[in-house]
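Colleague: Got a structure here, written out as structure tokens. Questions coming.
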Amino acid sequence: MPKNSKVTQREHSNEHVTESVADLLALEEPVDYKSSVLNVGGVPPPPCKNKGVEEPQDPGEERPAWNSKLQYILAQVGFSVGLGNVWRFPYLCQKNGGGAYLIPYFILLIIIGIPLFFLELAVGQRIRRGSIGVWNYVCPRLGGIGFSSCMVCFFVGLYYNVIIGWSIFYFFKSFQYPLPWSECPLVKNGSLSIVEPECDKSSATTYFWYREALDISNSISESGGLNWRMTLCLLAAWIVVGMAMIKGIQSSGKVMYFSSLFPYVVLLCFLVRGLLLRGAVDGIAHMFTPRLEKMLEPQVWREAATQVFFALGLGFGGVIAFSSYNKQDNNCHFDAALVSIINFVTSVLATLVVFAVLGFKANLMNEKCVVDNAEKIMGYLNSNVLSHDLIPPHVNFSHLTAQDYTEMYGVIRTVREGSFSELGLEPCQLEDELNKAVQGTGLAFIAFTEAMTHFPGSPFWSVMFFLMLINLGLGSMIGTMEGIITPIVDTFKVRKEIFTVCCCSLAFLIGLLFVQRSGNYFVTMFDDYSATLPLTIVVILENISVAWFYGTEKFMQDLTEMLGFRPSCFYFYMWKYVSPLCLVVLMFTSIIQMGLSPPGYSAWNEETASERFQSYPPWALGMCFTLITLAMLPVPVVFVARQFHLLSDGSNTLSVSYKKGRMMMKDMSNLEDNDETRFILSKVPSEAPSPMPNHRSYLGPEGPSSLETTNTSPNGRYGTGYLMPTTPESEL
């Protein structure tokens, strides 16, 4: 440190000197904090130690850190890679042009996904706080963003853990041979045993899902009471999540070694097994046959943007929470690209697995269709409804192939054109079976389970599949809970263990809503209304607060100081212009889609053994809009409270002083407004302010600034150089 600097001149003086933060930032050289002690709240420093001896920080004030970079990457991968990669991405890919869908998805991943993922990683690592503390620091008036993120995480966690509970139920049911959903149950009808009518009208796996697992009611208005088996599974799921969270990242990081890596082992095993199945190649070929005309439809781009948005977990706060435990010099730019690419590759891998299995299932269903319709034709031939002359001579009914049936079907349809519909024959085209897209619970608990009943050693594959779903769900749930717990603990200084237990207990009690017989309908409601629109708005505000209120140039300078290199100007233009525009378009298209689609759900009808669309009753509609309102309410409330000074924004509350080489920060939040300036500029608040000593102006990322300008910075703090990479953690 230069000899003429203010701190050096008074360092050996017994006089206690109080300096402003701007003074400290104006020094010619950075302060060596390794030998200084940060003291918040005016607590007197401990006695001076011998020179050169580094004093340990108070363990209570020390922020936990990842044990290794691998743990951190696995945690981010476990959070971003979830159930949506397995049962949502393949469905969208099949629906929106097959291989052609990968093109808009990859483009939007580059211009929206990676830049915004990098932004969240960077702000969390730079400010070292959860979402509430981060957005309070970046833009105090938009500090409600963090609270909205917590609300959305809570809503999503409520129903997401229910899906883990369903997977736990199927996992334990898989330890049977044959699998309990492989055949329809028999019921007594007098002295005869007949197949359960509801199961006979649908299928064994469909019946097991709706009747045995969910025991579902006919509508959302019919509660039907609690499903006690699913209640126990939900309790088990919350106990596992709570135990993983109580120990913090040291515990959850170790959990990630298994929960993040095991799904890849299972996916690879399923891919190898699936490729050996008959018809698997048909499914994969159908999957990657591009329909390029689909790329011209706006709906495809909207759904691709939505999938990119949710696949990376943007807006939940989990990304920020995990990165806040990193070292300041961690290369989060590399992390953003790596995790995004792993997420994309995982989605493609899961798609290969899904369509290999669905190709096998489609061949089975097509063969069944051929057999059933061939029996109808033989009946028509025997009753002289159809002439034997219509049957090609080479057709052998005992070994009827799909090609032979297609030829026979075409001849009959041509000859009996007028009365063909009366015969009730189906075309039995493999393409039609492959086009029956399923997603979500329909894919995991109906289509996949049906295909696995035909696997040799089906219980083994079922156990592996549902264990994979449990691990995928747990990885995402840990990140979701971090998005709640980390910001609350950082902001309100509550005991993490106690808050975690209270949060999980409350979530379980509210989650009983989802384990009623009508619970599946509430899962659909929360999935449709509690996350999509609120999260889109949250990420828009995150982007705008960094790029326009805090300043993109200033943020780029912060990244340069933190990373040791300046990120590409590509991110500058993405953050400032492209990403906000794309997000606003996505928000309006989502609102339009919600307006055009009648609000409702698919209800199971016991008599017809099929799903049918039902509109939400008025009270359920009110509940839908309440979810959206509650999720977004913190943003305007905090904005109004801070705009009219009803709530402190946390600025001008810290005084930094040096004495004998120690730095102390004093809380000024309890001072009167007219005393704040005197406190910063003089030794004690009661003294008259003295003129500020001469100092070099602080050269911030946006050019020269003086003390007067730094006090009016967009983020309400004393300039952006306040949190340097080596600065000890401070209260923001």
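Every residue gets a Cβ built from N, Cα and C, even glycine.
Since the structure is predicted, the reported quantities are computational estimates derived from the model, not experimental observations.
In case it's useful when we look at the structure, here is the feature table from TrEMBL:
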type	residues	note
BINDING	G78, V81, N85, N343, L472, S476	Na(+) binding site
COMPBIAS	706-715	compositional bias 'Polar residues'
REGION	40-63	region 'Disordered'
REGION	685-732	region 'Disordered'
TRANSMEM	72-90	transmembrane segment
TRANSMEM	102-123	transmembrane segment
TRANSMEM	144-172	transmembrane segment
TRANSMEM	228-249	transmembrane segment
TRANSMEM	261-281	transmembrane segment
TRANSMEM	304-325	transmembrane segment
TRANSMEM	337-358	transmembrane segment
TRANSMEM	460-478	transmembrane segment
TRANSMEM	498-517	transmembrane segment
TRANSMEM	529-550	transmembrane segment
TRANSMEM	570-596	transmembrane segment
TRANSMEM	616-641	transmembrane segment
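For each listed feature, how buried is it and what is near it?
Modeller: The Cβ neighbour count for G78 (Na(+) binding site), using a 10 Å radius and every protein chain shown, is 29.
Counting residues 6+ beyond its ends, the transmembrane segment (102-123) has Cβ neighbours under 8 Å at 93, 134, 138, 295, 300-301, 304-305, 307-309, 311-312, 314, 319-320, 323, 332-333, 335-337, 339-340, 344, 348, 539, 542-543, 546, 555, 558-559, 562, 567, 570-571, 574-575, 578-579, 582-583 in the same chain.
Long-range contacts of the transmembrane segment (144-172) within the same chain: residues 83, 130-136, 213, 229-230, 233-234, 236-238, 241, 315-318, 441, 444-445, 449, 462-463, 466-467, 469-470, 473-474, 476-477, 480-481, 483-484, 487-488, 507, 510-511, 513-515, 519, 522-523, 526-527, 530-531, 534-535, 537-538, 541-542, 545, 627, 630-639, each at least 6 residues beyond the stretch ends and with a Cβ under 8 Å from a Cβ of the stretch.
For the transmembrane segment (228-249), the residues of the chain that approach it from at least six positions outside its boundaries are 64-66, 71, 75, 161-162, 164-166, 168-169, 213-214, 255, 322, 325, 474, 477-478, 481-482, 485, 496-497, 500-501, 504-505, 507-508, 511-512, 514-515, 519, judged by C-beta separation under 8 angstroms.
Sequence-distant neighbours of the transmembrane segment (261-281) (same chain, 6+ residues past either end, Cβ-Cβ under 8 Å): 74, 81, 346, 349-350, 352-353, 356-357, 359-364, 455, 461, 464-465, 467-468, 471-472.
Through the fold, the transmembrane segment (460-478) approaches residues 75, 77-79, 81-83, 85-86, 157, 160-161, 163-164, 167-168, 170-171, 174-175, 179, 240-241, 244-245, 252, 255-256, 258-260, 262-263, 266-267, 269-270, 273, 313, 444, 448-449, 452 of its own chain, all at least 6 residues removed from its boundaries and within a Cβ separation under 8 Å.
Long-range contacts of the transmembrane segment (498-517) within the same chain: residues 154, 157-159, 161-162, 165, 214-217, 222-227, 230-231, 234-235, 238-239, 241-242, 245-246, 481, 484-485, 488-489, 523, each at least 6 residues beyond the stretch ends and with a Cβ under 8 Å from a Cβ of the stretch.
For the transmembrane segment (529-550), the list of distant contacts is 116, 119-120, 123, 135, 138-139, 142, 145, 148-149, 151-152, 155-156, 159, 306, 309-310, 314-316, 575-576, 579-580, 583-584, 586-587, 590-591, 594, 624-625, 627-628, 631-632, 635, 714-715: same-chain residues at least six beyond its ends, Cβ to Cβ under 8 Å.
Under 8 Å from some Cβ of the transmembrane segment (616-641) lie the Cβ atoms of residues 141-145, 147-148, 151-152, 155, 220-221, 525-526, 528-530, 533-534, 537, 541, 599-601, 647, all in the same chain and six or more residues away from its ends.
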Colleague: Any residues 6+ beyond the ends of the transmembrane segment (570-596) with a Cβ under 8 Å from its own?
Modeller: 108, 111-112, 115-116, 118-119, 298, 302, 305-306, 309, 532-533, 536-537, 539-540, 543-544, 546-548, 552-553, 555-556
Colleague: Determine which residues of the chain contact the transmembrane segment (337-358) at the Cβ level, with the cut-off under 8 Å and only residues 6 or more beyond its ends counted.
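Modeller: Same-chain residues near the transmembrane segment (337-358) but 6 or more away: 73, 76-77, 80-81, 85-87, 89-90, 93-94, 102, 105-106, 109, 113-114, 117-118, 264, 267-268, 270-271, 274-275, 277, 280, 283-284, 286-287, 311-312, 434, 443, 447-448, 451-452.
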Colleague: Out of V81, L472, give me whichever of these binding-site residues has the highest number of other Cβ atoms within 10 Å.
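Modeller: When each Cβ's neighbours within 10 Å are tallied, L472 leads.
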Colleague: Hey, for the Na(+) site built from G78, V81, N85, N343, L472, S476, who else sits with CB inside 8 A of the CB center?
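Modeller: Apart from G78, V81, N85, N343, L472, S476, the close residues are V77, F79, S80, G82, L83, G84, S260, P263, T346, G475.
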Colleague: Using CB atoms and a 10 A radius, I'd like the single residue among the binding-site residues N85, N343, S476 with the highest neighbour count.
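Modeller: Top count of Cβ atoms within 10 Å goes to S476.
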